[in-house]
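Data first, discussion second: the structure below is written as structure tokens.
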Amino acid sequence: VWPTRREVPPAATMCGILAVLGVGDVSLAKRSRIIELSRRLRHRGPDWSGIHSFEDCYLAHQRLAIVDPTSGDQPLYNEDKTVVVTVNGEIYNHEELKAKLKSHQFQTGSDCEVIAHLYEEYGEEFVDMLDGMFSFVLLDTRDKSFIAARDAIGICPLYMGWGLDGSVWFSSEMKALSDDCERFISFPPGHLYSSKAGGLRRWYNPPWFSESIPSTPYDPVLIRESFEKAVIKRLMTDVPFGVLLSGGLDSSLVASVVSRHLAEAKVARQWGNQLHTFCIGLKGSPDLKAAKEVADYLGTVHHELHFTVQEGIDALEEVIYHIETYDVTTIRASTPMFLMSRKIKSLGVKMVLSGEGSDEIFGGYLYFHKAPNKKELHEETCRKIKALHLYDCLRANKATSAWGLEARVPFLDKSFINVAMDLDPECKMIRRDLGRIEKWVLRNAFDDEEKPYLPKHILYRQKEQFSDGVGYSWIDGLKDHANAHVSD
């Protein structure tokens, strides 16, 4: 049964955006060129395209509709269309924000429309009110000023460039800037660019950012409840979705929490309360075995996808085109994720939840065994979170977006990070003498005897890096391929 217009939930969009502001040439040819460049982002948003031009400013958009696919096409506006926004992202607290904007009239069901109205109400200082993942460009046509902003951790990509004619460019991916800008940069996460102030400033200033050592005692219930909240708010969707399940701790916890709360989520009324989980690996790899075990325990509809080393090697060039980095580890882990995303999309799924961010927050990498004291451990976790946008966030966003699939990452929820990074880091230290392996704080928080989230041996399973978990011969195969084709 199709919902009536009144019942239609908000429109959420994961997309590709391109904005060009202050161009020297306002010919039809220039507009065509911007549309052509915007088309390079179409994989991110295959469902609809939009462009808004005002004098010498252009805002273009490629839309992937995740909630209410019939409305909420962008760009979005305020009531009299003097404020225009193009957004890539999801605003999870849009309902609360709308409640604060009683005098405003909303034209669409889009969760992102609040951005235009918040700007009218609060000026440039509203970004920290947004709870979600986003990159956006907003143009105020009344004085031709504009702002651009990126979410706290940099889950959504954003790049900024400068044209020879003095124009300023913003894009979800570099490929729309590289030919037409004389220089461009990765837009820093947690920052805002203001044309009025003439530069970048950081809007995201959480307590952990200073890297001073926190002292809040460990509270397992608080950790568990704040993570559950982070997962539940990410079930805001109107299309089929699933969970990427490697069988490791982080993805297994995401799957466990979703399966526990799916029945009461709105999405269950539309698509049923059977959770779909997805895993990829070389045949016989550690991840496939572990993921199947977790899926069986949780009773999910599990999809086990296989790839060969040769298929991975054949995809490398395309993977690098999409993820726009030459970082070796990122490419190695992006390749199976890229192949898996294509298969997931072919099944009609448009959104997945994933476990990125946990290792950075809780010191989950194996080298954290070497942390000499809690101060150094805490400082390293801060540094790792600040760098996520260059590595795991970039991989999770672009390897999925390559096929018009959206990835959501509950561990990188703003409130959850605040809770987890406010803990006395002593409890994150790996202490063999106390029987504490890496990420003990997280494992212990979900160690519920009465209603277990996961079987004990999975809850306490040691980490596999994603590119090794998909099968050890993947990394060996890459080395052999490189040795055969690149001489010393």
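Easy rule for this one: first residue shown is 1, then count along the chain.
Backbone N, Cα and C define each Cβ position, glycine as well.
Just so you know, TrEMBL annotations never went through curation; they're auto-generated.
Sequence-distant contacts of Cys15 (active site, for GATase activity), defined as residues of its own chain at least six apart whose C-beta falls under 8 angstroms from its C-beta, comprise Leu41, Arg44, Gly45, His61, Gln62, Arg63, Leu64, Gln74, Val87, Asn88, Ser172. TrEMBL lists Cys15 with the feature active site, for GATase activity.
Under the heading domain 'Glutamine amidotransferase type-2', TrEMBL lists 15-198.
Taken from TrEMBL, the feature L-glutamine binding site applies to Asp111. All chains included, 30 other C-beta atoms sit within 10 angstroms of the C-beta of Asp111 (L-glutamine binding site).
If you look up TrEMBL, you'll see Leu244, Ile280, Ser354, Gly355 marked as ATP binding site. In this view, Ile280 (ATP binding site) is surrounded by 28 other Cβ atoms within 10 Å of its Cβ, with every protein chain counted.
For Glu356, the entry in TrEMBL reads site 'Important for beta-aspartyl-AMP intermediate formation'. Every protein chain considered, the tally of other Cβ atoms within 10 Å of the Cβ of Glu356 (site 'Important for beta-aspartyl-AMP intermediate formation') stands at 26.
Across the structure, Ile280 (ATP binding site) and Asp111 (L-glutamine binding site) are spaced 32 Å apart at their Cα atoms.
Using CA atoms as reference points, the recorded positions Leu244, Ser354, Gly355, Glu356 were checked against Asp111 (L-glutamine binding site), and the closest is Ser354. In this structure the residues listed as binding ATP are Leu244, Ile280, Ser354, Gly355; their two most distant Cα atoms lie 15 Å apart. Counting every protein chain shown, 26 other Cβ atoms lie within 10 Å of the Cβ of Leu244 (ATP binding site). Cα separation, Leu244 (ATP binding site) to Glu356 (site 'Important for beta-aspartyl-AMP intermediate formation'), rounded: 10 Å.
The local packing around Gly355 (ATP binding site), expressed as other Cβ atoms within 10 Å of its Cβ over all shown chains, amounts to 24. Counted within 10 Å of its Cβ, the other Cβ atoms near Ser354 (ATP binding site) come to 25, all protein chains included.
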